[in-house]
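Heads up, the thing below is written out as structure tokens.
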């Protein structure tokens, strides 16, 4: 950034905004970059403004019981606000004085008033000076008010952000991210844009009073006729506005539904393509779009009539004021023209300025009250710590996630008793809600310094809540907690802040090379970092999108380990790691590097429990066991079933198993929701073996019993707006649907329907607490890999054993939150936060306009029709101008003039001009009303928007993943939200206003030129100056606006990033650092916005200066050349005064049109994306039948094999190479292998080795080379749809879109209810679906928020069964599954896919044991592909990954594989207690 010229600018330069000339010149000649923008002044700095307002707000909180934020704002900004308001009032007063001088000039041409004729020239000079004074007063005042509004917004932005970092977790659980974004975008933008109008709430009444007094002198009591009409018109416009808002509110719901579905499709585009659902998704969105457009048209018609009413009101107010007076008393031309000028000013004050001012105050006060309520919410309370304490002690602690639960519990219980909803077991009813019970009950333990305590338990047992209570996030209601307070924390869901890898690990702590390298080595990050060209200085944006899930997890762990603390809280840090990496990190990092530190590790792995000093097992919030591992084996031999949350599944009967499935899944389904967190109450049930059978959990479905959603605090569903854990698309990409700018978006669009946050059916929004608990879900494999040669980097860490060193032996210097932030400049912020820079011209090209016009044939005809109507109106005006004087006043000498004439209108030789002016008013009214062209134009433009949306949707759905991988999800969503909103709402009426204003100006110029040809000579250079000035300004303004839009994205992205890592921020005490970073983002946006406001005011001032010159020329030409024509002078000057506002309005509208057309350019850019090649090749022929329709039928054993393809599922892969993006590095190279029909193949490899990539390559979702054949048919010889239908897919990223169960299972409607129920029963979903009202017709929203991750995996499994595919691809199907669902999936795979080829990528050892062959991927290549017995007999990755006990389990399979000629799936023996222990939860 550069130093601002404003600092050294003179008073004159500031007054005329001349200091912006350098940036305007540079923007016209070249493309502006962020470095070209000027630094802001200290008075606009977010630090200073926030400190100022925070000081006044604290003063307000301390001095009053009912603090008011508006009082704090008043003390900060009131006097400057009033100063500019007075200047604005003086500028508006000049408008009221101008008609007086106009009347005097007209009167000077009265033949009976020879005296004033001599001073006409001085009156003309006075009139011109009034315009000059108005220009010099108005623009600085408006700019000053915009500046104050900007400062108020900045101060409140900062205040809200600081408050957000202090909010308690209980409050965050009740606030949606959409509400926070809306608070920062929708509400606070009102200060920027509306503060200049706020003063008109008192200026407009004063101005109306002054004007009515002046009009009284001319028309006496008849003045109130015109005022009454304006008041009625104002109420009419208010009614039309209310009607328009009703349509918009109705449409907002439809827009929201469309955007929710669109967002889900974009986030899950890989799944959509894998399922071949493009056409089904397109049909769903187009149906919603059709309903939306009906309401859009209604709102546009009403808004069009409202806009037209303002234009034609000018004629009627003059007519109603002048006509009664003229009929009774007669009138002279001076009064007519003076009245016209007064009425124009009066119309603006009554119908525009005052209503807008009232609306501004209403919106602003509403926003202030919302912010005030937010600032008074409960804050996070830091626990009292004793720094000298070395142990961690918890004594009889009980805690609730929610306060005041008793009333809610009783109410819900009463409602539930009335409903008596069955859960599938006739002996049980959901009579208890998950309310009232504490999340932790009577917890006591003690950990000595240097000990490792492992915390285990079933899902929802309270493990994460225990850590939150130690950190102070969960306040205990009973008991005591003692520790030193020096805590380090690693979240279960890895959180990456914007910045480099090094910044993420150091995290504001002083840098120490020795410690840093040791941590890097212990966390197995050396090899990963060496692959990046920038090493650990690579900038990570959007939550670490360029990293795999395992890499993010290790960076989060390294951050926790690097900090020197007394207590380390590690919440399931190994969830995304492969078995070997997990084992190495646990031994080298947790056990050796941190050997002298106190550690609490949440885990369920038996190896971890064996090495822990203490073990704490939680069950339903209570301590099930506390002690050592040997004590655990002696005292609790049944502990493994408690870890699982169930007894041996196979021991139950089918009926009892189904009941357990229902109850367990229902328990997990509640964990996916995001409102208030409760633990579960239990009720005795039927008898069954084991302790688990003694009690069963009962619950009420959220969607049935209450509009308010209840959830437990420990979430395993990991849901954020319905998007599940993934290795494909990161969660942040959806959340950059912020106002981009945008969604997300970024992240969210600027339209009101989106900025408020997606509101799903039932009014449910995603809470901030849930956002925090799934901060890195969906962040899986990298899609933008910048890897160098994969040579392992030499370790810089000490070569001694990690057990022999102590990296914490010396205390580093005092941690500082400013150390890193001072090094972060604007370019770093751009790399971390900004969306990709749009590659579109600074000014909309003519090609874009031409292409837009030709999108729909009817638009061209409508534009031609508009031109024909205008030419007819101009021709009629010229005819009237020529014929009226001849027809009405053939005898000029017979005309007389007297003040006491009995005629209503004094007949003079100049009265013909008065009649002509009335006709011009009527013509302009017809032009404004536009009944024969306005409505068709608006209607057609909306139709064009419909066509563009349809084409863009088709283009996105048909685009290859290699193209979509280069785009950010928020950017794609912005096209369907913000840009389509522009095409629907703003562009049609803006084009209409511009065309209308342009024709009015042209008509007025023609009339004036005909009356006085010399004026035409002055008009030509003025119009040329306008065009040149517009072109000069437009290049810079559009670039500044784009930079401002880009600068808005970091603000909202940083807010979301901070919320997702809030627990980590508090644990590390990095709030000041993040506040500083937020202020830098605010300052960056302020620099762009302030410069845009300044250049805009420069342009507006030059426009008025050019007009002042034009008006001076018109005035003196009229006075010096008109002669005795009193009417001629009046009409020329009156039209000239009207041209000023209209022409300036037209120029501004043209700029708005150009700005809005940039949305059209972006839409065209998406429409022009390449498409996937779906054309069949003639080389493909079915073996038995040549009909292509039969090839499209994908069946399995239920249809004769002679009629279908594929028939067996044999796969042959030859030299397969795969890339994610064009020109990127190959993720897989020269992969070759073959799979026999019905064989089960397991994929092995470290995290990020390319296992998921191989599955995507099978589906042709990547840039691939080579060949794959299925049953002898090559993928190049059939269409993509045919190829992908050969596969059944269970992706790692589960896709549940907003719709019914039936639509989610069968979007094309191919299967009957009987078939769907059969499959649902087969996969264990029947009892779950039957719980919901409507059953298959129950509408799932928010990505299936009432379903657990296990439910959703079963939905995917049901889809695969329905597809009857012969090849099944499974990508981490057991990730984050509860044990019951995992058992169901395994059994369904054995039964429904017994004869199918199965390719499995899995981290669970027991799942991999069922495979006959294994494919080992390492360094982008196949390292080994062999049978189980060969893999176990050799030194291989598979042998290293499994324990000796697991190898023994494989003996039956090894023997059976030797005896069988075919590699069919071996029958699995029943689960044993030992297998259960190894299950990873």
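Cβ coordinates come from backbone N, Cα and C, glycine included.
Residues or ranges marked as ATP 2 binding site in Swiss-Prot: 1220, 1245, 1246, 1247, 1248, 1249, 1250, 1251, 1252. The DSSP secondary structure for residue 1250 (ATP 2 binding site) is coil.
Annotation source Swiss-Prot lists compositional bias 'Low complexity' at 1453-1464.
If you look up Swiss-Prot, you'll see 687 marked as ubiquitin cross-link, on the strength of similarity to another entry.
Annotation comment: Swiss-Prot describes 859-1155 as domain 'ABC transmembrane type-1 2', evidence class sequence analysis.
Here Swiss-Prot flags 523 (among others) as S-palmitoyl cysteine. For residue 523 (S-palmitoyl cysteine), the number of other Cβ atoms no farther than 10 Å from its own Cβ, over all displayed protein chains, is 27.
In the three-state DSSP assignment, the secondary structure recorded for residue 1396 (S-palmitoyl cysteine) is coil. Marked as S-palmitoyl cysteine by Swiss-Prot: 1396 (among others).
Under the three-state DSSP scheme, residue 548 (phosphoserine) falls in the coil class. Per Swiss-Prot, the feature phosphoserine maps to 548 (among others); the stated evidence is similarity to another entry.
Taken from Swiss-Prot, the feature phosphoserine applies to 659 (among others).
Among the features that Swiss-Prot reports, phosphoserine is placed at 669 (among others), with the record citing similarity to another entry.
The phosphoserine annotation in Swiss-Prot covers 685 (among others) and rests on similarity to another entry.
Look at Swiss-Prot and you will find 699 (among others) tagged as phosphoserine.
Residues or ranges marked as phosphoserine in Swiss-Prot (evidence: similarity to another entry): 711 (among others).
The phosphoserine annotation in Swiss-Prot covers 736 (among others) and rests on similarity to another entry.
For 767 (among others), the entry in Swiss-Prot reads phosphoserine.
Among the features that Swiss-Prot reports, phosphoserine is placed at 790 (among others).
The feature phosphoserine is assigned by Swiss-Prot to 795 (among others).
Across the annotated binding residues for ATP 2 (1220, 1245, 1246, 1247, 1248, 1249, 1250, 1251, 1252), the two most widely spaced Cα atoms sit 19 Å apart. Remote same-chain residues near the topological domain 'Extracellular' (217-222) are listed as 321-322, 324-325, 335, 338-339, 342 (criterion: CB distance under 8 Å, separation of at least six residues from the stretch ends). In the three-state DSSP reading, residue 1220 (ATP 2 binding site) counts as coil.
Taking Cα separation as the measure, residue 1396 (S-palmitoyl cysteine) is nearest to 1252 of the binding-site residues 1220, 1246, 1248, 1250, 1252. For residue 1246 (ATP 2 binding site), the same-chain residues lying six or more positions away in sequence with a CB closer than 8 A to its CB are 550, 578, 580, 581, 1418. Cβ-based neighbour count (10 Å, all protein chains) for residue 1250 (ATP 2 binding site) stands at 26. Between the CA atoms of residue 1250 (ATP 2 binding site) and residue 548 (phosphoserine) there is a gap of 11 Å.
Spatially, by CA atoms, the binding-site residues 1220, 1248, 1252 include one closest to residue 523 (S-palmitoyl cysteine), and that is 1248.
Taking the topological domain 'Cytoplasmic' (940-990) as a whole, pLDDT averages 87 in the prediction. If you take the Cα of residue 1220 (ATP 2 binding site) and the Cα of residue 548 (phosphoserine), they are about 14 angstrom apart, rounded to a whole number. Counting residues of the topological domain 'Extracellular' (217-222) by DSSP class, helix then strand then coil, yields 6 helix, 0 strand, 0 coil.
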